[in-house]
Amino acid sequence: MKLLLVSALLGCFATVYAAPAEGMVRWCVKSEKELKKCHDLAANVAGFSCVRRDDSLECIQAIKREEADAITLDGGDIYIAGLHNYNLQPIIAEDYGEDSDTCYYAVAVAKKGTEFGFLDLRGKKSCHTGLGKSAGWNIPIGTLVTVGQIQWAGIEDRPVESAVSDFFNASCAPGANRDSQLCQLCMGDCSRSHNEPYYDYSGAFQCLKDGAGEVAFIKHLTVPAAEKASYELLCKDNTRAPIDSYKTCHLARVPAHAVVSRKDPRLANLIYSKLMAVTNFNLFSSDGYAAKNLMFKDSTQNLVQLPMTTDSFLYLGAEYMSTIRSLTKAQATGVTSRAIKWCAVGHKEKVKCDAWTINSFTDGDSRIECQDAPTVDECIKKIMRKEADAIAVDGGEVFTAGKCGLVPVMVEQYDEVRCSAPGEASSYFAVAVAKRGSGLTWTTLKGKRSCHTGLGRTAGWNIPMGLIHRRTMNCDFTTYFSKGCAPGFEVDSPFCAQCKGSGKSVGGDGSKCKASSEEQYYGYNGAFRCLVEDAGDVAFIKHTIVPEMTDGSGPVWAQNLMSSDFELLCQDGTTKPVTHFRECHLAKVPAHAVITRPESRGEVVSILLEQQARFGSSGSDSSFNMFKPDFGKNLLFKDSTKCLQEIPSGTKFQGFLGEEYMIAMQSLRECSNSTSDLEKACTFHSC
């Protein structure tokens, strides 16, 4: 087992309310045994102190109130900690090594020879790690409800604890009402702490071993090696299997326990650095404390820092979150609205979306409702959480959304002929544009200033930087371009130096380099404007932008521009007029697409087809147009869109983007600084 050390946790209850010293981390413990281990750690490393509370919820509340800083929690408690009233986030995951990594298997275990299966548990005595915990409660109870073993219609009918009490003969589920049947088998106070001997994995197993219960809901590593031969796993198909067959016989694979703290990157880094710096102490052993799994699981091999944008939803994943919600929220009743919630990025898109909502009313109900977020990544999160349903995004964002489990369902078509006679997949050309006569070529861009549509965008980042990376094999693009504007970078990056912000006299800097229309150099039009206003020497955009913005077609800032004032930079080192994009481009790439959750595909497609029949380019209702720039350029959809076309059902993001694009993306993903924090969070683990 890899030895990791956690810093000392000095402190005592009397100092709980004192403001922490600079660089101090206060760990929350839930029992005297954990406190003893915590104090022993304090003898090894300065900078930690201990805060004693009675259970996980009290620790969560203490961290929220800044009376403590961190605690390791299981998935069920991570969910609670992430709710709006606490707003904590997982920052470090336990790593169990081998194939488990930062996930583990939730299993049901019984003594060998007892001859009942998972579907025969009614009337049996059960041992649970704790009420609301992952392997001990949420997964087994959620599974039993799903397969119809436990009859429960939702909390509007009765609490799930009542249904579980009716199902099992008796139980020990620490954290339940002490006088209830769910505490009948417990040996101590039935609290969710080590004050209850049957609490946690080792306690639930002890409950089974002692004969108090007939089945224990635990994790796959709980049964000691010397005792495995005496126990068996209960599989969901009602068969049994040896303890080591957990990969094929388990209830679910769930995210590892994780350290949670407040949403403060500096505090998260401090906690991680303290843990990694501890020496001469085995952080993952509870030997000598007459208990197991104190502060961390004893089976932990390592600790892994999570991406800073990871929240409880991203860490736990949509499937596990759905399981928890099914046990804690009322089931949906009544008729739901036949509307889709569109996610608008920034104020300008929200204004257009609100107008769409008003015009979409049919028979007294709107077909489009609006949610807004500051960035596309935040919209993707909202769609994952079911707070929004859909948004149209560029190919790079389709890639990120796909990594987060969303799917492309409709694609923008820029050729009107193909709207009525679909054929080749909708696409556009990614191009590099410079001012005519600048002397620049594709091969002389090093040291110049660059204008990008945004970090992670197709034409503006992924294609040009992928080509540059393939040539230089250097991920530090600040050594290639001297500075530029690539909205989405940290504001102190050289790739934000040339960004303009909102242009407002008050509070404008807050929008600088933000990946939304509030940043004037964001998106296709913004990147072109960056070039026009001499903030950059080259703009990476799509082939239609120059003609759309020049020769009298553009906004005020582009009024006097001629398309002939600009030229394309070809990969062979030559330049060509902007009309020669078919011979002079960086790549031909998929058009922008509407993304949603897989289960929402049908409804989103149906409503959008209906909406474009009314408000599309050839729509029956002239009061609103989905694709015209009446509210500003390229809002909600590209202005060049002629129609939306359905993507064949079952198409995943990889198939939509195509092999060439996927190869380019995989190459660029060798550079961590070209991967968004959201994508890192979504791909951190897949349980």
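Glycine too: its Cβ is placed from the backbone N, Cα and C atoms.
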Open item on the list: Going by the disulfide annotation in Swiss-Prot, which one of Cys207, Cys249 is bonded to Cys235?
Closed with: Cys249
Task: Of the candidates Cys475, Cys485, the one sharing a disulfide with Cys499 in Swiss-Prot - done: Cys485
Open item on the list: Which one, Cys475, Cys496, is listed by Swiss-Prot as the other cysteine in the disulfide with Cys513?
Closed with: Cys496
Task: Disulphide pairing with Cys671 per Swiss-Prot - partner from Cys451, Cys475, Cys530, Cys570 - done: Cys475
Open item on the list: Starting from the Fe(3+) 1 binding annotation in Swiss-Prot that includes Tyr104, Tyr201, His257, which of Asp74, Asp77, Asp179, Asp237 is the extra site residue?
Closed with: Asp74
Task: Per Swiss-Prot, Asp394, Tyr524, His592 bind Fe(3+) 2; matching candidate in Tyr428, Tyr480 - done: Tyr428
- [ ] Please tell me which one of the recorded positions listed here (Cys50, Cys207, Cys353, Tyr428, Arg457) sits closest to Tyr104 (Fe(3+) 1 binding site), measuring Cα to Cα?
- [x] Cys207
Task: Distance from Ala459 (hydrogencarbonate 2 binding site) back to Cys496 (disulfide bond), taken between C-alpha atoms, in Å - done: 18
Task: Long-range Cβ environment of Cys451 (disulfide bond), under 8 Å and at least 6 residues apart - done: Gly484, Cys485, Gln498, Tyr521, Ala527, Phe528, Cys530, Leu531, Ala535, Gly536, Val538, Ala539, Phe540
Task: Cys28 (disulfide bond) versus Asp74 (Fe(3+) 1 binding site) - Cα distance in angstrom - done: 14
Open item on the list: Between Cys682 (disulfide bond) and Cys475 (disulfide bond), how many Å separate their Cα atoms?
Closed with: 22
Open item on the list: Which one is it, among the recorded positions Cys127, Asn169, Cys379, Asp394, His592, that lies nearest to Cys353 (disulfide bond) by Cα separation?
Closed with: Cys379
TODO: For Cys249 (disulfide bond), identify the closest of the binding-site residues Tyr428, Ala459, Gly460, Tyr524, His592, judging by Cα separation.
DONE: His592
TODO: Fewest other Cβ atoms within 10 Å: which of the disulfide-bonded residues Cys127, Cys186, Cys404, Cys671, Cys682 wins that one? Let me know.
DONE: Cys671
